[in-house]
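*Asks:* Reproduced below are the annotations present in TrEMBL:
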- 21-52: compositional bias 'Polar residues' (COMPBIAS)
- 61-73: compositional bias 'Low complexity' (COMPBIAS)
- 117-127: compositional bias 'Acidic residues' (COMPBIAS)
- 139-149: compositional bias 'Acidic residues' (COMPBIAS)
- 540-553: compositional bias 'Basic and acidic residues' (COMPBIAS)
- 1-151: region 'Disordered' (REGION)
- 532-560: region 'Disordered' (REGION)
- 163-204: repeat 'WD' (REPEAT)
- 264-306: repeat 'WD' (REPEAT)
- 359-400: repeat 'WD' (REPEAT)
Amino acid sequence: MEDDDGIRAHFPLSFGKKSKSQTPIESIHNATRRPTTGIDGSQSSSSLPTNNKNKDTPFPSLSSSSKSWLNSLQKNPKPSTVSDDDVAIGPPRPPPSSDSVDGEDDAMIGPPRPMPDQDDDDDDDEPIIGPPRPPLGSDSEDDFSDGEQEVQHRIPLSNEIVLKGHTKVVSALAIDHSGSRVLSGSYDYSIRMYDFQGMNARLESFRQLEPSEGHQVRSISWSPSADRFLCVTGSAQAKIFDRDGLTLGEFIKGDMYIRDLKNTKGHITGLTCGEWHPKTKETILTSSEDGSLRIWDVNDFTSQKQVIKPKLVKHGRVPVNTCAWDREGKSIAGGIGDGSIQIWGIKPGWGSRPDIYVPNAHSDEITGLKFSSDGRTLLSRSFDCTLKVWDLRQMKTVLKSFEDLPNHYSQTNVAFSPDEQLLLTGTSVERDSTTGGLLCLFDREKLELVSKVGISPTCSVVQCGWHPKLNQIFATAGDKHQGGTHVLYDPTLSTRGALVCVARAPRKKSVDDFQAEPVIHNPHALPLFRDQPSRKRQREKMLKDPLKSHKPEAPMNGPGFGGRVGVTKGSLLTQYLLKQGGMIKETWMDEDPREAILKYADVAKKDPKFIAPAYAETQPNTVFAESDSEEEDK
């Protein structure tokens with residue numbers, strides 16, 4: 001029997017496919033939980049309120065047992081569920097003492113109630129469990145006000161993930177209508193594509209594009225059917241890509257030497273913004289630094305449908321920094337470089353004259369425009385550190401101007417919440433500031449600040465958006481060295497999106513995934529197995545080398561003495577010295593040419609060659625002129 005026990009120890013306890021141990025979803029979301037931020041953007045370590053009177057004891061109005069329970073809840077925000085068979089839930093009710101609230105003992109049942117941002121549902125039918133709310137006028141009333149605002153507007157801020165990959169600030173953001181695919185463009189000239197359904201906890205992009213080499217990505221926009229998207233870069237030509245990132249076409253560039261922009265076939269300088277028509281999937285709108293807005297048909301990349309020239313106070317070209325469609329696609333808004341806002345209504349026979357013209361709407365360039373869905377409100381964001389709310393029915397005066405919102409990027413936008421009760425915009429990091437990049441939320445009706453959410457202590461927030469189906473907030477941030485897209489969500493309020501990929505663990509490598517790198521053996525390529533070169537080839541190679549063969553220098557062609565051209569007129573130093581000393585004389589320069597020829601006359605007569613023998617009998621006598629000594633003397 002003892003031998004059997006020893007053998008049995010080597011066998012597995014169970015057979016078949018074993019179930020994998022899964023990490024609880026609560027612990028996964030606790031890992032992505034972010035610290036809460038106050039109204040000033042400062043971050044605290046817990047989402048539960050604290051009392052300002054006694055910082056050592058966060059909850060002085062509760063009993064000691066309730067305090068210990070809340071401290072444990074503060075470490076684990078979501079306690080484990082208890083079965084129905086258990087009778088005791090939480091710590092026992094504290095006895096009536098000075099620590100408890102007078103006259104409220106009957107209302108305190110079980111542990112205190114957690115904060116509203118941790119509740120799954122806020123139903124009115126549920127019984128009130130926990131201590132009552134502090135009376136009016138107490139110091140702790142302000143501590144609960146921030147949590148009440150988050151529940152009232154249902155802002156998903158409890159958890160956060162970051163879609164990284166860019167090396168510079170992320171300047172463009174686009175989420176498709178279903179919320180499954182996210183596009184981010186950056187100053188590093190690239191676009192990264194993220195898919196929540198196919199992404200795991202590593203949060204890696206499945207594709208990277210470079211639309212235009214050496215040009216920053218400034219705007220991205222999905223089509224109404226989300227099968228294509230528009231990419232606007234710093235070049236003069238916008239591009240259309242399909243859903244998988246394949247290039248479908250590039251719009252034509254205009255002639256830069258034509259003065260009138262209406263006669264050009266396209267933009268002539270860098271683009272600044274672009275947006276797809278909200279209803280029609282064949283129409284897009286682009287704006288450029290050349291001072292024009294153009295409407296294009298995506299089915300024809302060689303021609304444009306309409307050219308819009310903004311109204312200017314002074315003659316010249318002023319860039320159009322941003323553009324936007326309204327909800328129905330019946331109006332176009334443009335933010336001009338001189339700080340004016342111009343709106344055109346699309347109707348039969350419309351032209352470049354704007355229907356609404358607001359001069360000096362901002363004191364600096366406009367970076368973002370956004371229409372409300374009801375067509376009554378227009379939001380504008382500018383370099384002058386302001387966010388302004390306009391009533392389209394009365395554009396002469398601004399409804400509200402929110403100040404002290406730093407902005408250093410020309411792509412900083414403004415957005416609405418899904419119910420359009422909140423306004424969102426990001427702020428840039430200033431040199432002397434300690435708050436970092438913030439996401440500011442404002443109430444549309446009360447026109448007041450609701451919250452400032454700290455996104456990054458060192459990076460500026462540029463683009464932001466609140467997806468209606470996912471109920472998740474997207475904010476792009478970055479600086480000169482890094483960039484990413486921050487996704488804020490709440491497990492109890494948000495659906496899909498970040499919840500899908502965070503809970504999906506990366507796939508572990510198995511034995512089947514192992515691939516051995518092939519090793520190719522070629523023995524003849526090794527030095528040991530190489531054939532030794534023959535000596536004959538070595539000698540031939542050495543003979544061709546002038547240095548190894550000691551080949552003498554070839555004589556130079558041309559006039560000279562001794563076949564050499566140079567100052568010495570000779571190839572030897574001795575000849576040069578003899579010539580300079582007068583020992584070698586050149587007599588042909590001092591000889592008469594006539595005498596030089598006549599000295600060979602007797603030789604030619606005695607020994608004629610070639611032609612002379614044939615004409616020996618008939619050859620006339622040669623008569624030479626006698627030299628006149630007198631003429632030579634002259």
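Note: Cβ is positioned from N, Cα and C throughout, glycine not excepted.
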*Asks:* Counting by DSSP, what is the helix, strand and coil composition of the repeat 'WD' (359-400)?
*Replies:* 0 helix, 19 strand, 23 coil
*Asks:* For a three-state summary based on DSSP, what are the helix, strand and coil counts in the compositional bias 'Basic and acidic residues' (540-553)?
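*Replies:* Helix, strand, coil within the compositional bias 'Basic and acidic residues' (540-553): 5 helix, 0 strand, 9 coil.
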*Asks:* Would you mind splitting the repeat 'WD' (163-204) into helix, strand and coil residue counts from DSSP?
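*Replies:* Taking each residue of the repeat 'WD' (163-204) in turn, the totals are 0 helix, 21 strand, 21 coil.
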*Asks:* Check the repeat 'WD' (359-400) for me and report the mean pLDDT.
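*Replies:* Summarising the repeat 'WD' (359-400) by its mean pLDDT gives 91.
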*Asks:* Taking helix as H, G and I and strand as E and B in DSSP, count the residues of the repeat 'WD' (264-306) in helix, strand and coil.
*Replies:* 0 helix, 24 strand, 19 coil
